[in-house]
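Student: One structure follows; several queries about it will come next.
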């Protein structure tokens, strides 16, 4: 399953071309790859870098159909959520640490996804029920010493952008804090989906949606693995759009009154990494600034896809 560790040194051979002139990368060590969350269709992984540093990471695994998948990860990250997995399936994940495009260290882990639960995502009325088993488990261990969880509040879940195939959501935490969040919804086929989110995040982009479809998103705030608060929102994705006519329409409405926008320039769009199933792109903004970006493309079936990107970003991975 997946790439074998024995494959690692084969990519190192180009080093021998200039043994004297090219300084070898400083030693860097990957350590402590562990599971931080598991759902029927996703796995959250965490790791540490015990020594040195890496320019980037690559997570490799085989999907339920046996096809190799690779997920490029920024060198500053120490966790990743792997979406789009199948329930009750065993996966072997290989995490590679890269320096100057070469694999320096490698660590692996076997993880099985959770069984599919037909009741997910739960309605708000079901929310307290999942707490009962976990509370019972924890109480016998230290019934007197466990400190009650601090109050934490989720608020103001709203839509910040909608495309035919994605939705971006924002929220606030006016009181307390959460260790993590979980976004649950059902896809266009009615299958439950769950997206684990870091506790420091206040927004998420949900990709891979269907055009002109209504979704109900449930956002849960978790502390020590328990659901503390919950908020929901209904969102409909846009119809597939053709942009040229709308541009002409807008110009005709107010040709004289519209103030010209300050000049802003996109420059230097380039590929930073390519795998069989993903592409990472980088770009620059040599002049001015943008509120946001949208990356549009057609998938292998010819369907239009659009990925909203924050205006401060200069890179994106298209999975």
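Any Cβ shown, glycine's included, is placed from N, Cα and C.
All TrEMBL annotations are machine predictions without curation.
Given the structure is predicted, the values throughout are model-derived calculations rather than measurements.
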Student: Under TrEMBL, which of the candidate ranges 236-255, 256-275, 276-295 is annotated region 'Disordered'?
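Tutor: Region 'Disordered', as annotated by TrEMBL, spans 236-255.
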Student: Among 113-144, 145-176, 177-208, indicate the range for which TrEMBL gives the feature region 'Disordered'.
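Tutor: Comparing 113-144, 145-176, 177-208 with TrEMBL, region 'Disordered' matches 113-144.
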Student: Under TrEMBL, which of the candidate ranges 1-23, 24-46 is annotated region 'Disordered'?
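Tutor: Among 1-23, 24-46, the range TrEMBL annotates as region 'Disordered' is 1-23.
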Student: Write out how many residues of the domain 'Fibronectin type-III' (29-119) are helix, how many strand and how many coil, based on DSSP.
Tutor: 0 helix, 60 strand, 31 coil
